[in-house]
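Colleague: Okay, here's the structure, questions in a sec.
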């Protein structure tokens with residue numbers, strides 16, 4: 001049963017390499033307030049390996065999560081009995097970490113007789129803009145992270161239609177792989193952005209993948225390969241070579257992304273009418289160059305551009321708590337038997353077009 005009363009929800013996030021917990025208030029008018037938001041990044045643990053090691057991540061979640069939840073509750077000035085619900089990210093993500101967070105959420109819910117909300121990590125990103133702004137449905141979401149690159153029509157809580165997706169590398173994944181091949185430290189995305197700012201984007205004629213296609217899908221694998229080929233040709237690389245390669249790669253990725261979003265917004269209008277906004281979410285949305293490109297896309301499309309603060313674009317507990325609060329307001333709770341999921345489609349009824357059946361577009 002739906003309720004219009006205010007709620008206090010604890011959110012737990014452990015799907016990748018951030019161990020996070022937060023408490024969020026959802027008021028009866030639908031507005032939100034963050035009471036606490038504690039995030040521990042495991043970057044230093046994974047940096048020697050050049051990427052996230054699932055076993056290390058899961059063990060760190062086990063070691064850290066209880067203390068982080070305690071800090072989140074203390075900062076919010078609440079006890080567990082004050083909570084209206086406990087929201088835990090139940091996927092998609094690295095299954096070891098997902099199990100840690102969801103099991104902890106279940107334990108709290110069971111001991112304190114509090115409703116459990118098993119949150120789709122992607123839905124949490126999709127709904128985060130409504131935590132920080134008075135945003136009404138429907139809106140067009142560009143979700144870009146290390147594991148996902150999607151254009152999604154957000155029609156309501158639990159109601160999502162994917163308009164476009166990557167058929168190979170996610171955008172964050174491509175940025176990280178380019179950084180690694182150029183010898184830049186982990187995490188690679190911010191390093192590529194920093195190097196690109198000092199580079200000449202016009203030095204290399206990199207391809208613009210999928211440009212001009214009628215569908216709104218993405219592909220970055222070929223662009224990544226083009227960067228690798230140029231880097232091999234120039235080896236050994238001088239610092240300016242690295243800067244120029246990063247600038248050329250980022251410019252090509254942004255031009256392709258802008259084109260894909262123009263198409264995605266057109267498809268959105270044809271199917272659902274005008275969106276209330278173009279919204280960006282996910283860790284890649286913290287990139288300032290990407291933010292600028294998206295702002296121009298929204299301007300050209302005649303719609304407003306909205307994006308959460310950078311701290312709410314990357315993985316955090318507040319987004320999980322908020323998604324839980326949004327679902328709780330509609331009376332949507334979950335059984336303690338809910339199973340963790342390594343893969344969990346945001347749009348569960350999607351049918352992958354035949355030409356993309358053997359690509360990552362199906363996930």
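Each residue, glycine too, has its Cβ placed from N, Cα and C.
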Colleague: Need one residue: from 156, 158, 164, 189, the one Swiss-Prot lists with 143, 144, 145, 146, 147, 176, 287 for substrate.
Modeller: 189
Colleague: Could you look at 244, 259, 315 and say which one Swiss-Prot places alongside 121, 125 in the Fe cation site?
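Modeller: As annotated by Swiss-Prot, 121, 125 share the Fe cation site with 315, chosen from 244, 259, 315.
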Colleague: So for residue 144 (substrate binding site), how many other CB atoms are inside 10 Å of its CB?
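Modeller: For residue 144 (substrate binding site), the count of other Cβ atoms within 10 Å is 28.
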Colleague: List only the single closest residue to residue 143 (substrate binding site), chosen from the binding-site residues 121, 125, 315 by CA-CA distance.
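Modeller: Smallest Cα separation from residue 143 (substrate binding site) among 121, 125, 315: 125.
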Colleague: Does anything in the same chain, at least 6 positions from residue 189 (substrate binding site), have a Cβ under 8 Å from its Cβ, and if so what?
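Modeller: Expected: 146, 172, 175, 176, 179, 283, 284, 287.
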Colleague: What is the maximum Cα to Cα distance, in Å and rounded to a whole number, among the residues 143, 144, 145, 146, 147, 176, 189, 287 annotated as binding substrate?
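Modeller: Output for substrate binders 143, 144, 145, 146, 147, 176, 189, 287: max Cα distance 17 Å.
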Colleague: Return only the integer: C-alpha distance in Å from residue 121 (Fe cation binding site) to residue 145 (substrate binding site).
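Modeller: With distance taken Cα to Cα, residue 145 (substrate binding site) is 11 Å from residue 121 (Fe cation binding site).
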Colleague: Note the Cβ centroid of 121, 125, 315, the recorded Fe cation site, then list each other residue of that chain whose Cβ lies within 8 Å of it, in sequence.
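Modeller: Going along the sequence, the neighbours appear as 13, 15, 89, 122, 124, 145, 282, 319, 320.
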